Amino acid sequence: MSDAQTRRIQVDLSGKVACVTGAGRGIGRAIAVTLGQAGASVACVDVNLEMAQETAATIRSFGKGQAEAFPCDVTDSNQVNATVESIVEKFGGLHILVNNAGITRDGLLLRMKDEQWDAVIAVNLRGTFLFTRAAARYLIRAGGARVINIASISGLMGNPGQANYSASKAGVIGFTRTVAKELASRQVTVNAIAPGFIATEMAHALGEQALEEIKKRTPLGRLGDPQDVADLALFLASDSAAFITGTVIRVDGGLAE
Ligand code: NDP
């Protein structure tokens, strides 16, 4: 167990139902497992069913809340609507939505293909919209519900080679701020987490040399661990975060200005 996995705030989410998209691996898996360890019942949503099933099995092994995998492509409106209905039918409600599914298709602007642009906007931005819209009426009924959107520091400060990704994540931040205002009167909080570079397959796709450079530029001198992000998600999901809405919180080791 890494250092990051051993330190954890104590939060009791028993009786709460959480839905995490992109829960099959990386940050989404860490968030789903962490919410499950805190006692939530967790719907593990991923386009890759097998990976989501593994996450759900891990959560069930804690013997706390329930967990089940739901195969779903977050870009597909019909699938998203049907998945949210299935989750509510299975668990009886929905209190916490974590929009985490995300992809990169990096390339410099002059060489960026339409498909690269469209794919990234579809998963990162449209997916967040579709899931939040489908979940909203259940979140409103839950009383004190949470939406946690995984953005990126790329959406705050830009990053060469990521015009599509930066635009999608800046879009997620604007979406977060607006929906926070729309749902505030129903006591639903909506916040974004902006991770820096976190050690997952997505970051490792950049290559080891680039990652060494990033570590040097990061004031805290390391890549983030998925657990660093999951711990903030756990706090935002907790009752302690009830008065926090419409914010973007960086988990980046001090990298962004
Ligand atoms: P990973 O690539 O490790 O995991 C992403 C997960 O999302 C995978 O399980 C993937 O499934 C799933 N997914 C992809 N497309 C879809 C889709 N259309 N519908 C449903 N699920 C889908 O990424 P990370 O864990 O690194 O990233 C998680 C989030 O954090 C993303 O939003 C990312 O942008 C953000 N982030 C990551 C950073 C990092 O450094 N890692 C930094 C800043 C933000 P499959 O296995 O089939 O691909």
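Glycine too: its Cβ is placed from the backbone N, Cα and C atoms.
Of the listed candidates (Asn99, Asn100), TrEMBL assigns Asn100 to the same NADP(+) site as Gly22, Ala23, Gly24, Arg25, Tyr165, Ser166, Ala167, Ser168, Lys169, Ile198. Taking each of the binding-site residues Gly22, Gly24 in turn and counting other Cβ atoms within 10 Å of its Cβ gives the largest count for Gly22. Among the binding-site residues listed (Asn100, Ser166, Ser168), Asn100 have a CB atom closer than 6 Å to some atom of ligand 1, in sequence order. Of all Cα pairs drawn from Gly22, Ala23, Gly24, Arg25, Asn100, Tyr165, Ser166, Ala167, Ser168, Lys169, Ile198, which the record names as binding NADP(+), the longest spans 25 Å. Secondary structure from DSSP puts Ile198 (NADP(+) binding site) in a beta strand.
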